[in-house]
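Input: a single structure, listed below in structure tokens.
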Ligand SMILES: *Cc1c(COP(=O)(O)O)cnc(C)c1O
């Protein structure tokens, strides 16, 4: 097990899968297109520092994160020279901290520039255009022109990149995607000189749309081997290899008689004599209450979660007796069968992104 951890519930991250997804994407992209590994949110639950190491070993050219603290953690861990871009809004008061650590920030609003403290080092900025996502970014050419002028006047501000983000790149209907792309190209055409990096693609755009003319992609969900959406799962250019498995072990086994109940609210009642097992994982680990009724795998056989999921534990109905210590698969392969994060997502009516992001820091992660 992992040193420093003392619980029989763990995540295994397969580094080869992450490396294969990056290598396949690199081969799919035009030559010279940089792949930036998106490692925000603890690398979508996979573990930021270890995933960053794996991604770098597979040729990732930089990293994207959501908040400044994630960027600082990467620098602290020894990623001293790679490009690190913070995609989210960093309060202007922290600009010097970013500048000193050579962390690139997103410029999405004119006011942010006026709030900047006196800079003590060069700060690199990626200007974000809101072409239809409606989240962060400049929406018109006038503001963009004023910003160009301001950036040109300030020698300690480096205009390193320009980018946008798509709202519907994970859908088969490309109408809205094309509208966003046209808006981006319209706004971008007014800017001179061209910044070093021009990037638009998240995983789905990087997989499905030609990246000629752009020189970096922000590769997130697909790097982890997870599909950006069920809708495009059948039109991906190569097979994604899921990296994350989630396991636990049975800590107690008991035989219920007809009429016996389990867990809070006594909502589940055995209809006949049956074996159930208690597992040491619950909603505080990110395995939320909505998973009641979902089936896990015990030695290649399905075992349904019965009764309410507790904070730290849950109960499954076994197809037959299994001893304490038997391994149980929540996500991953067991015998001939497999539970995918996509299947788990369907059960709790969400997307695979949320399933793995939810897995809390208190679950140890093993890398192999
Ligand atoms: C999270 C994020 C990405 C990565 O998206 P995936 O769908 O996971 O590839 C790219 N760009 C921005 C701006 C993001 O916020």
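Heads up, the Cβ atoms here are built off N, Cα and C, so glycines get one too.
Values in this document were obtained by computation on a predicted structure and should not be read as measured data.
Feature annotation from TrEMBL assigns active site, proton acceptor to 40, 264. Taken from TrEMBL, the feature N6-(pyridoxal phosphate)lysine applies to 40. As annotated by TrEMBL, substrate binding site applies to 135, 311. Here TrEMBL flags 243-368 as domain 'Alanine racemase C-terminal'.
Feature map: annotations from TrEMBL on the structure.
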residue : record                       : Cβ contacts under 8 Å, 6 or more apart
40      : active site, proton acceptor : 64, 65, 66, 67, 70, 87, 220
135     : substrate binding site       : 165
264     : active site, proton acceptor : 307, 308, 310
311     : substrate binding site       : 282, 283, 284
The domain 'Alanine racemase C-terminal' (243-368): DSSP-derived helix, strand, coil residue counts: 23 helix, 50 strand, 53 coil
Average model confidence [pLDDT] within the domain 'Alanine racemase C-terminal' (243-368): 98
